């Protein structure tokens, strides 16, 4: 019997022998109820030692390598290997899956750990960067992710004693991670001096932040905080693999010793397992679990021991198995329930099947590849890898013989059934036969195999043998002659004793149709049970019928083995099957149940291991069903698009690139369209997409439009936010919300309200190609969707939040319907092609069961499904016309419901309604037992007076619902109808059937139009007021492509696809005429204008034929077109035809003869055309999008000579202003169609436009609205307004727009230097000069402490540490709105460099938030009272982040990262304070809304192609926000996980004509949805909703950079660019309407323009931040100004020096100013404009100041009053350093052009040059004088110091001399004394500056990493120790200690800041 079906019998897993100890650690635990949990291969095992039973978890599909136990000690997490590995969290008591965590890792999951509460799980991956994920495991969602950047992570755990801290260890690293928000911040452990850096393998935690780690060398490292504190050396001899923490610590490793330690890590006891009674030498421990007085120990060789501490020398063996190496050998005992296995670990083991234990084992001297029992079970033969074989006694495994005849491995041995012969097959391709009773003498050899022998079997009479080889030979030999036989008759008479081969006709079925011959490794036939089991390379054990003659038979399959299954054997009593794994070296024991037996005592779980989920094995009946054409066609529908709507963005960029510079685009039209009515319904490939809403309206879809139809008025309203074909629709249980899914590259689901038509949520990001099914859960909270990707993925969403809750692969074939179980919110069912599957959601994944049909029915395609009243009963409709009744997952019965497929089904309170092919609707009782009533859809049943007609009798029913006493039906022919319970049918709406619609014509005098399509129908439609309906139709014999009315409207001409055309009577639609002159399709047909003498017929044969209407014959032909004709138009006189062709030709012909004529383009325009539908010529140039081909625009139609409508391949209907001259004219575009719009026509009075869709079959009727006909003009206009040249230009805006932050991100060196870095230079060891008497002079002169007032000496202390005390700076030059009052106005918060700064207004003190890693560029304060003083700041960087922190405690509350690059330029809190919106600097300028407390992304969207400056929430909303930027205002709302943006609509306002879109810079808000935006022109635009209401003109004279809305009273403060005058100023306070204002000047006088970048208002004060980085406070009443911060303006600050005798210091910057500061009052004493300055110095007495400028000039000023004393310029390069000699006589000036000049100061202001240094290698970095003023040391860009004499300038090269010099100061960054200041990673970053404290012990340095460091001086050793201080953003340019060493001042490069540090 050639039965291809699956067998009835089945297997169930009974026992697994083995434990995985190799390449794993810590994978063995006691559970709460004292079971042991561990894993081997792909199975999680829970072993009850008391009952000696195992339970299995089989949810993985590859090897497990990691396991973690939850704190509840019942829940287990396991991780596997594989390309897309996942983590399963499961319950060890029931082995149910709780959650599946996927999409987080690749390659494998190396380590897992739960946190103390058990809510989060951390996992580390095996991928190359060692990805670390933290999961909310119940939801299956990643909270945070990071890369360990290490070679391998071996262990990762939450620290149970420290909140949100994770520690990972691995190859040469330990990292401490802080989890905050969605960010993991790493801190590398410092090994320091306590121990060497080495690989750490395992972790444990103690109290007080102590971390213990086991190392590769056997030490235990103990860490305190992040530093290695102490080492317990040689805790073990060799690597420590495992550390377990309970009441103490248990450790063990390679030495096989388990040590127990107390909580202080003092040793309690040690247990040597290797030397214990059941141990062995070389025992390696991989896992320990210590609970109470019991220990579990897992070894590398796969044993698990249980040790009781009291009797520690007698460990009990719980589990044994083979150790590492492949296992191939397996044989079952012929008489007893015993089997033997042998493996590459060289052991042979006998096992008991009944007691599940090891009976005996022997270690052989070779790897074992085969074994066999003799027929009596006395002897065991074993085949070895060296080509020999052994025979052993079964009783005691003692060796009988050992024979070696072959060189390659013996892979198969078998005793003959008579027991006299032993056959041995080897990899040489020979089978040798030995005589057992002659001490195994060799009798002969069977040869003939072309490759290695894989299997052999004996016949029952021991006279024949069959052999399989690796290349697929299947040979049979006769004994004793050893000859191969081939005769059929002899072959067919052989009875085989066993069948273990995989080749031969009996087992054809085990091979897939196209399988490789090595896929199946083993088989064993059970002749009585008529089954064969196989093991294959995919880890499957499968069972087929035996014999199985046809390839590709059905089977049952069983998972568990991970890699390949090497062998399978039935036991002697055929009750069990044993299978062995290759790589996983596990032995699985299965129970075999024949079809008759029930399940007996095995633990049964619904984990589906009775049967596998084989996609291929299913029904027990044969699988060939009848084919239904509709169903087949539907399976084949593809939704791939060559061009998705998502690609429009890139087209837009093309537009910008292909415009000629300076070319203007023609402006768009004034008129606009409004969608009025849609004819059509998508039924032919969609289903269940038609519903009643709450208010009794009908909702359905066609093309890209959703339609809500009012049944009473017949009017429609539309939801048009979709961008492509909608494929599915479902309605919320409350019937007020609808979900619709569309086609797309990343297709979206929209959830919207049927009343308001507002989008509630958009879900996207998890499907491809399209979404073919959606369903709301019964509670309405969840939505399930099915995608059109190859696996038909299923996603479950929390649709309100837009979050993906779970996902899984659905099925390889198409899924038609997904349905939630109404009673159980985590279960659902899918039906589709040959499939029904029942799903349960578990965390982030699913478990599934296929429906089992048993013998009840054949499987067919399932088309629909419904649930009944009971929770586990459901009904599915099949393509064979049956309704299948399911209970649980099992089929109960089928009911014949329809003749053709059952397409639609709906469950009601008391029954069901079904619809099928053939137009029959059936009403059923609640059990589907009897059909109560049927309705036939046919013309005779139509109600009186119904609008519309039935085109086809009995159309298929595709959607059906009940409500309002009616049955609502959607058909495959595009009708939407209602069936009254009594029977009459009303058509509500209808459209064309499947196929493209191209033909469209308007009646010349009535409101009627006609369409023809590929559905072979001609339809006549009536356009009423707001509604349209079909009034007549005709079925054509061919698909038709074009149609035309005659001028009197009496006749209609139709062009058909076969090249013929016909003319019919308009009234009766009877045919008047038919002509067939062409082969190709007729593509356009036109009557000449009144009186309509001629008919022009254009075809794809490149001709236009002209017929005389009266004579009804052809009178002329227009030739000369080189391609097919696309459009034709007549002139008004009926004399000239204009023709367009596919080759982009515009041709003209005379009628009626068809002579070609030429017209100049000016004539064409003046010519009177009867119609214009052509797409070519200069008057249409602007309708073509960039880079398009000729087919992109399909049709045009002109109304009233100036409004041109077009239809194109992107689904848009567009309006242009005619003539459309010039490229890329502006337009208004309208969505509604999905793919291509094939035709557009204006109605006879131009009041309406009709458009037809290609593939979407829809006909849309649009109403034209002229300006003035209604107030607001609808229709999104093209974004072209953003391409305007801007009105005006502003330098500040332009600079900010174009700033490139990538250059500012850390570690770009300030300037290139030549030479070798100091720490890379070779150092010669100098011989010490021995000199008896002279002590070495000091290196640097120590300062005498200055005398304080009153004569007492002030004591100077050593500097050992720094604390940041004050920052003189504020980032105003490129940031905005970043300055706020907090703490009820007591403090202000702002930012500078990388620091968040809180300044107390009363005391003037500052405190700092310093956790950012780079420049902060935006800041916001939470205004909600619940989140008082909570601040968010965003920074620049490659992966920039936002920190949310507490302004009082400076504690980090959350860090948000991801989604942005380059930087985050705007942050804003929402009204409830829970959400934050961020804007990035990446190319798309993404806008992201976050819930900051848990770090989750709520929604995101690309914002704009150019820079966005601000995004702010409306002050009363969490979901509405507005963005402003370069020519951009957009109004956004959060819908689910998407942000939906509406562009601001510019309308004409009374004061200004047509306003242009400006660059908008700032935002403020008013009541009732009013928004104010500040523009670059100084105007403020006022928006109502998203339309412009009015413009406040010239609110400022320059750009309005900042606006602030006071929430308390609604007053608005604006700040802009403005010159100060008497009653004007850059800050203005306005009323709520922005009608009146009061201006505040920022200074008393001066004409300089002020630029205000930030304003804030509270308690009568206004806080102002300017572009010059100053902060001032203005009193509202008086206008008094109080300066709070006076920072340097934009430009690097390089010059810095401290006053020699008092607490003052001076700075000079590229902002062109010199500033003198007083430290005690923290204030600016004086400032002078000097142009860009690079260096500055005080004279030794503090009276003079020298300033070096960038131009090469230098100035000398008096300190008091900064009066100029003299100036001089001798060099062109910048003056990099300038110094007074200690004796005040010489001024040294070092320039960029490699020179140092000396000037004599004693001669007065004339400054004669007294010398200069020669031969300097590179530019000067800094200068130091010797204490005696005789020498100067020059530090240069070549990383060397050179010493010169003063003032001669000669180079001193005698090191004996230079080493004795005492220097007056030390600022050099090179020299052997400071070698240690250069960091290891200084390849592309320099140390810029240093300064030695006056006591000479501490050296401060500043570098390109933004760090200030403190070293001990001198520091001659490389990489000396230091303390580091952060705060500056990028480069630190200079550092100076103040005169008394109490303070250090540092200056920043890019950040323009001066930092004051207190020395302690």
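Our numbering is plain: 1 for the first residue shown, then up by one each step along the chain.
Glycine too: its Cβ is placed from the backbone N, Cα and C atoms.
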| field | Candidate ranges 1198-1221, 1222-1245, 1246-1269, 1270-1293 [criterion: TrEMBL lists as region 'Disordered'] | value | 1270-1293
| message | Among the residue ranges 541-571, 572-602, 603-633, 634-664, I'd like the one that TrEMBL describes as region 'Disordered'. | response | 603-633
| query | Which stretch, out of 1132-1163, 1164-1195, 1324-1355, is listed as region 'Disordered' by TrEMBL? | reply | 1324-1355
| query | Which value does the mean pLDDT take for the repeat 'WD' (233-271) in this predicted structure? | reply | 90
| task | Could you tell me whether the repeat 'WD' (990-1031) and the repeat 'WD' (1230-1263) are in contact, taking contact to mean 3+ Cβ pairs under 8 Å with a sequence separation of 6 or more? | result | yes
| note | If one takes Cβ-Cβ under 8 Å and requires six or more residues beyond its ends, the residues near the repeat 'WD' (329-361) are 15, 17, 52, 301, 320, 322-323, 367-377, 380, 382-383, 385, 392, 394, 396-397, 566-573, 576, 578, 580, 585, 587, 589
| Long-range Cβ neighbours of the repeat 'WD' (1925-1960) (under 8 Å; 6 or more residues past either end) | 1304, 1306-1308, 1310, 1343, 1345-1346, 1354, 1356-1357, 1359-1369, 1371, 1373, 1392-1395, 1408, 1410, 1414-1416, 1669, 1687-1703, 1705, 1707, 1709, 1711, 1717, 1719, 1722, 1888-1895, 1898, 1900-1904, 1906-1910
| request: Summarise the repeat 'WD' (558-590) by DSSP state, stating how many residues are helix, strand and coil. | output: 0 helix, 17 strand, 16 coil
| request: May I ask for the residues of the chain that lie six or more residues beyond the repeat 'WD' (1705-1727) and have a Cβ under 8 Å from a Cβ within it? | output: 1366, 1368, 1404, 1668, 1683, 1686, 1688-1699, 1733-1736, 1738, 1745, 1747-1748, 1750, 1757, 1759, 1761-1762, 1936, 1938, 1943, 1945, 1947, 1952, 1954, 1956
| message | What does the DSSP secondary structure composition of the repeat 'WD' (990-1031) look like, as residue counts for helix, strand and coil? | response | 0 helix, 24 strand, 18 coil
